[in-house]
Amino acid sequence: MNQYHDLLQRILGEGAEKHDRTGTGTLSVFGHQMRFALDAGFPMLTTKRLPLKAIVHELLWFLKGDTNIKYLKDHGVSIWDEWADENGDLGPVYGSQWRSWPAADGRSIDQIADVVEMIKRNPDSRRLIVTAWNPAEIDQMALPPCHCLFQFYVARGRLSCQLYQRSADVFLGVPFNIASYALLTMMVAQVTGLKPGEFIHTLGDAHLYSNHLEQARLQLTRTPRDLPVMTINPQVTDIFGFRFEDFTLHNYDPHPHIKAEVAV
């Protein structure tokens, strides 16, 4: 995944020092794009170990429309703990917007169900979009959506996905986001009878926190290894029917984990 290493090098070489909401400080660049061909291997970073369990369970949690961390905690995933209230609630974050966007007329819009149906019915549509950025509810969210809009595209029997991420924690968050949306693209492709195409990751404010700079430099000393292969249970034909057991990652041989603190 040289695309990711190129981004690290760009930020370390060109990044502007900026203040941020957390008070940590960042090096930041604005506007960056990475492309991953999903038939070339599953884009799971190999220059440090990533937690597949957390990536898959978070995605399944989003698709459930859930916004309470109980499901995650029950499966040993703690990545949202810092933002939850005393009841485990996060407000109307990703899952709520994906599955039950509140319309002005009182309806609840299931964007995921709608986009899957539209891909099947009208694959050439330029409206194959899901957004989590709901200005009317931002203030109610524990954390406004960082990966805020994605669009599908069908050509030559393949499904591609482009994600726009307004705010990108490049050391901790971005590797996670790449794997998550690559997997989502594969899942949607399967249930719509298509093959996976590309995952395209477009970043707005792409930043390294000041307490992640040494870790990023360490990671750049490591040589990327061959990408693993993700297989999905072919019997699942409903986007909401996937379980953790339906995913198997083969030949994942990463370098060791690199510890870094989350900026809250």
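The backbone N, Cα and C atoms fix where each Cβ goes, and this holds for glycine too.
Here is what Swiss-Prot says about this protein:
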ACT_SITE  Cys146  active site, nucleophile
BINDING   Arg21, Arg126, Arg127, Arg166, Ser167, Ala168, Asp169, Asn177, His207, Leu208, Tyr209  dUMP binding site
BINDING   Asp169, Ala263  (6R)-5,10-methylene-5,6,7,8-tetrahydrofolate binding site
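A Cα-Cα distance of 9 Å separates Arg21 (dUMP binding site) from Ala263 ((6R)-5,10-methylene-5,6,7,8-tetrahydrofolate binding site).
Taking the Cβ of the residue listed as 'active site, nucleophile' as centre and 10 Å as the limit, one finds 18 other Cβ atoms among all the protein chains shown. A Cα-Cα distance of 8 Å separates Tyr209 (dUMP binding site) from Ala263 ((6R)-5,10-methylene-5,6,7,8-tetrahydrofolate binding site). Secondary structure at His207 (dUMP binding site), as computed by DSSP, is strand. Sorting the binding-site residues Arg21, Arg127, His207 by the number of other Cβ atoms within 10 Å puts His207 first.
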